[in-house]
Each structure stands twice: as C-alpha cells, then as structure tokens.
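Participant: Quick one: structure below, then a few questions.
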Amino acid sequence: MESLLRWGIEHSSGNNGQQPTEPRKDLDPAIIDHILGKSDAVQMREALDVALDESRDDDERIQALDDFEMLVEHIDNANGTCSEPTKQSGLTQIRKDLAKLKMWEPLQNLLTSPSSSDGIKRQVLWIIGTAVQNNPSAQTSYLTLSPLPTILSFLSPSASSAKTRSKAVYTLSGLLKHHAAAVRQLEESQGWEVLRGLLEDSDITVRRKAVFLINALLIPTEPVESQPAISSTPVPSDSTDVILHPTAIRSQPTAQPVHPNSHASMLSDPGSFSTSEITKRALENHAILPALVHSLISPVPFGPDGDSEGDPDFEQNIIQGPLSHEDKNPFATFLREELRKAGGDVQLSERWGLTVDEITSLRNAVA
C-alpha cells in the first residue's frame, strides 16, 4: 500500500486535463521517506546489511534477521506478489523479489559461514523457510543454490541445538512440499536417511515435524484450477422492466493470470508439484516404514527428566501413513496395547484425533 501511495505521489500530475507539467525537481526522496516510511525493499536491505556486519554483536544481528523475517512473512516478499490479482504491479514485484534484490546468496552465505553463531543460523533458517513456503517461484530460485546438503547438515544432534534442528525441519518442509524437483534433490543428497534418523531424535518437536513432513509429501496433490471471470454483461431478457441491481450475470470462462509465486502455476506443468509417488518409493527404498513403526512402538523418551514416551501428535501422524505387510504384525500388537491402556475405541479415537469408525477400520486393516 505504501509503495502504491509513493508511486501515486511521484507520478500524479494534478493538472485537471491540462498539458502535463514538468516533474518537480525539489522533492527530496528523504522527505518522502520520512512522510511515508521506507519501502519494504529498503527495510529488508538495511536489515540484511546489519545481519551481515560481523562487527556488530550477535543480539543486534539476530534482531535484524527477526525484522527481516517479519517483512517476508507479512507481505510475502519472497516473490514480491500478493495472492490477489488486484495487488499485482510491476513496481511491487521488482521491489519485493528476493531473487531480483539478490538476497538469496547473502542469506545462504550467512547460513554456511563458520563465523555465524547458532542463533544467527537459526534465524536465517526461519527466514528461508518462511520465504519458500507455498511459493513455487521462491522454491525454484533457492534450489539453484543447491542448499539441501547445508540444510540437512543442521539436522544432526551433534551439530545443532534442538531449536536449530526444529527450524531446519521447518525450512526443509517449506522447500520440499509441492515441489517434485526438490524431493528428487533430497534423494540425491541422501536426505531420506537423515529424515529416517529424525524419527529417533531426542527432541519430540523435531520428531513431530519430521513425521508431519513425510505425511505431507505422501498426500496426492491436485492442480489448482483457474477460476472463471465474472462477466459484467447482464443476461438478455424480454422484460421491459428497469433493473436497478442486476444479479443474474453470465459467467465467462476467461483465463486468469497465473503468477509464478502461486500454485496456479502448477497448471502449466502438473508433474512439477506431485511428490506422492516419489515419496512412496523412497519410503520403501530407504526402510522408512519400519522406522516409523519402531518409533511408534518403542519411542525415544523425552521431556525434562526423560520420562515421557507416547505423544498423541506424533502417533497420529504415523498411523495415518501407509503400512507394509511386514509392519502390520508389530503395529497390530502396539494397537491392541494402546486400546487396552486408553480403555477402548472411543478413548483412543479422542487421543489420536480420529473417529471411532477410523479406529475400527485401522484395527481391521492390521488384523
């Protein structure tokens, strides 16, 4: 909104139909900035400059990265275009595109720099995860830097804190979901072995996010259909009555613009977003299904004293995934024990967020 207002002030003539006058030369951009506030692109650049300045202390750099992430989250600066076509403009697209602003490389450099603290790297992971989330164009742009080996390196408990590992899964999730090319790169980077290891992570939050990601990649995705435009032409009528508020209008199947940061761009290449089949093959090839069942039956203890085991969110995400024939017997034993501890189908359905019928179907499936 501020960018549009700025553009309007700079380009309005106010001449009431007369010949355009010469643009004023005495308008100081600093004064306009003071009145309207700095543009998002300028704020992002300034925040990134602070984060890159190694002479500043960590707290100041981390705060700058936090401000940067808020801008990305609030206005979807990763590709510079909002979801509604009415908000599209070349001006905002140029100002808010991370690729055009050449910000991907500095962010990646912060992530790989030996001098970056764990806190700085965690904030950068957060920024990247937010920028690529539900944004095919941003996903593709970031993938050109071959970032998966770096992101995967943060998922080792010996290399990163639990908070940083959690943020790394968030980043990985945003990069992989609805992007087949990214999932194929995961295979090339031995990422499925890393994901399998996360099922035994000592931090339950990391485990939950890993299982949620696997489930999300398994879900078949349908392409986004373009919505037909609504014609302003009223339906012809034989009536001579005056219609003050015509409501019956004819829908015309005119094509709508497809913006690269929208999943409507999948329509041009449906195979680019489907991750289900790739993931199914990976689960079989990398023995992830047995690992899922094992993590459900014999979970790694967690909590302050290491005395917590079962976790409803973790269990719910696993039971919604596919089970092979070899996995059914141990899972059936686990299910019977959980039913006994819960007190029956109703109680277990409430714990796992399923209906009683779904619990019954699950029992039948593994019988």
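Cβ atoms here come from the backbone N, Cα and C positions, even for glycine.
All TrEMBL annotations are machine predictions without curation.
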Participant: Which range, 252-273, 340-361, does TrEMBL list as region 'Disordered'?
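Facilitator: Of the candidate stretches, TrEMBL labels 252-273 as region 'Disordered'.
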Participant: Within the domain 'Nucleotide exchange factor Fes1' (1-79), what mean pLDDT does the predicted structure show?
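Facilitator: Summarising the domain 'Nucleotide exchange factor Fes1' (1-79) by its mean pLDDT gives 75.
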